[in-house]
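Trainee: Annotations per Swiss-Prot:
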- 30-221: domain 'RNase H type-2' (DOMAIN)
- 36, 37, 130: divalent metal cation binding site (BINDING)
């Protein structure tokens, strides 16, 4: 009888972040890359996607790895340089708001995952994606629900994407004062909604989101003139 690989029981009953990756490495399917995104639900700023390949060994310096959303900012900042130092390869992709609007957030997310994996300096033997199937990859892949809490490579990618995006949003706050990007990181908070209503959208806002579109339509399409659509930090990075 045909079986699927990796066995679903490995995913459901994983006893640690390295269980699934270790099984893939033992089966000769490494290197294993994890891929994750941050900013999918934000109404401003880029969608940021990262891919990361960790070695098969366990590193004590990465013991704190988990879903980036569960970690404090200080822990994420501490892990960020450690991941970049010890990763066999990583690549971070920035999908600008205009492309998110043009493609739609889900399609942009999948495209970002493809770009992140393609940008790795080390070709993976297998790719684990957080939650979404990623068609069009050149290597076998598996979507893992809650993958950033199951696979260390996905958790590492999550941290890389989260810290990269948060730092960009802080820089964007200085470029576009008044919106509070450094605080809410582009997500729809009451403070952000109030600033959006007061100032109108800037080019970093996603018009495919109904709250932005409503404000833009209500203000006659007004866009803040001194908002700069491109920031130097919005470049893919990796090794």
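Even glycines carry a Cβ here, placed using N, Cα and C.
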Trainee: Drop a 10 Å sphere on every Cβ of the binding-site residues 36, 37, 130 and tell me which sphere holds the fewest other Cβ atoms.
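Mentor: Counting other Cβ atoms within 10 Å of each of the binding-site residues 36, 37, 130, the minimum falls on 130.
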Trainee: Under DSSP, is residue 130 (divalent metal cation binding site) part of a helix or a strand, or is it coil?
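Mentor: In three-state terms, residue 130 (divalent metal cation binding site) counts as strand.
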Trainee: Cβ within 8 angstroms of the Cβ centroid of 36, 37, 130: which residues besides those meet this for the divalent metal cation site?
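Mentor: Going along the sequence, the neighbours come out as 35, 38, 49, 50, 113, 129, 131, 132, 147, 148, 154, 157, 158, 161.
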Trainee: According to DSSP, does residue 37 (divalent metal cation binding site) fall in a helix, a strand, or coil?
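Mentor: DSSP assigns residue 37 (divalent metal cation binding site) to strand.
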